[in-house]
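Asker: Could you have a look at this structure, given as structure tokens, before my questions?
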Amino acid sequence: AAMKQTKGLKGDKTSFIKFEFNPKDGIDNPALTLTEDTDAEGVGEPRFYLLTKESTETFGFCLHEELSCQGHVIRQIELGGVAQRRGLQDGDRLLQVNGHFVDHMDHQRVVQRIKASGNQVLLAVLDGDSYEAAKSLGRDLSQMLPADIRPRLCHVTRDKSGFGFSVSGPEGTKGTFQLSVRQDGPADRAGVPAGSWLLELNGDSVKSYSHIQLTKKLKQSGNKVTLLVASSAVEEFYRLRGLRVTAALADPAWLPFKARELHIVKGPSGYGFLLKEDDCSSGGIGQFLWDVDVGLPAEQAGMKEGDRVLAVNGESIEGLDHEQTVQRIRAHEDRVTLLVIDPAGDEFYHSVG
């Protein structure tokens with residue numbers, strides 16, 4: 001087991017011991033290939049790439065802002081890296097990150113969005129010539145992309161009449177389940193769209209389930225169930241591109257478990273908390289907030305003891321060790337922004353992948 005390590009962030013108080021850390025292995029997804037049809041005006045179609053890396057890797061490219069080129073430019077693609085293996089090309093322009101249109105955004109914000117994605121990111125790009133042609137024609141690039149490509153995670157709590165949805169599917173076919181949702185019932189209130197397709201139940205794919213097996217799993221769920229669902233349009237988007245939808249790509253806006261962003265300005269006595277490395281209840285190693293001083297900036301910003309740190313100043317800390325995380329927090333002398341989650345939320349997100 002890894003030895004525990006604590007580093008002070010309360011001014012000059014510091015104490016720590018060395019430890020060894022073995023990063024968790026990542027999983028690489030299959031390549032995503034699309035056709036590139038070109039219209040009469042010389043503008044090709046956007047291409048979509050799902051990049052999945054290990055925590056010790058980078059995505060294998062740099063995003064540039066260049067005086068000679070418009071847009072966010074893909075450059076420095078590493079030979080044999082994730083981006084090259086998936087098919088990104090030098091000079092491609094980035095249009096979308098995880099379903100969010102970014103061409104109009106400040107360059108640094110786009111970089112932060114990619115870094116905040118952790119080990120998986122879905123990118124939409126357009127080749128350089130098509131991008132320049134579209135711009136010269138005054139095209140609205142956002143109109144070249146699907147309006148919604150994110151599945152949805154929903155946490156449904158049963159009431160006296162049930163979960164508020166029923167399941168149908170082709171007889172004798174496994175893994176194909178469509179949901180009928182009762183208006184104003186628990187599923188409807190939890191954000192499950194009517195007519196959506198069920199992809200995962202409590203973090204497990206339903207692809208191999210029969211209708212009887214699914215019914216049994218629902219009964220075993222007790223009073224609460226977590227569904228990964230996709231509308232017909234979203235399901236078709238991924239299916240046509242040979243891509244499996246995962247919870248990592250989902251819109252979590254309907255979930256009751258929320259990460260919190262803490263904006264902390266250092267006071268005369270420091271921030272007023274300790275950062276401790278420890279085992280996560282959900283597995284692996286994490287960086288936790290500890291010994292929060294009453295009345296000092298950290299507590300005033302909403303910090304709670306036991307919160308796990310997910311990102312520092314907009315950048316994910318996944319794959320960083322304790323010392324690297326402390327350095328990120330101290331990068332700006334008098335202020336820091338932390339993205340944190342409480343233990344219940346941390347365990348929930350781990351359980352659904």
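Cβ atoms here come from the backbone N, Cα and C positions, even for glycine.
In case it's useful when we look at the structure, here is the feature table from TrEMBL:
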- 48-129: domain 'PDZ' (DOMAIN)
- 153-233: domain 'PDZ' (DOMAIN)
- 261-344: domain 'PDZ' (DOMAIN)
Asker: For the domain 'PDZ' (261-344), what does DSSP give as the number of helix, strand and coil residues?
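Answerer: Once the DSSP states are binned, the domain 'PDZ' (261-344) shows 14 helix, 34 strand, 36 coil.
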Asker: Can you tell me the mean pLDDT for the domain 'PDZ' (261-344)?
Answerer: 92
Asker: Over the span of the domain 'PDZ' (153-233), count residues by DSSP class, listing helix, strand and coil in order.
Answerer: 16 helix, 29 strand, 36 coil
Asker: Summarise the domain 'PDZ' (48-129) by DSSP state, stating how many residues are helix, strand and coil.
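Answerer: Per DSSP, the residues of the domain 'PDZ' (48-129) fall into 16 helix, 25 strand, 41 coil.
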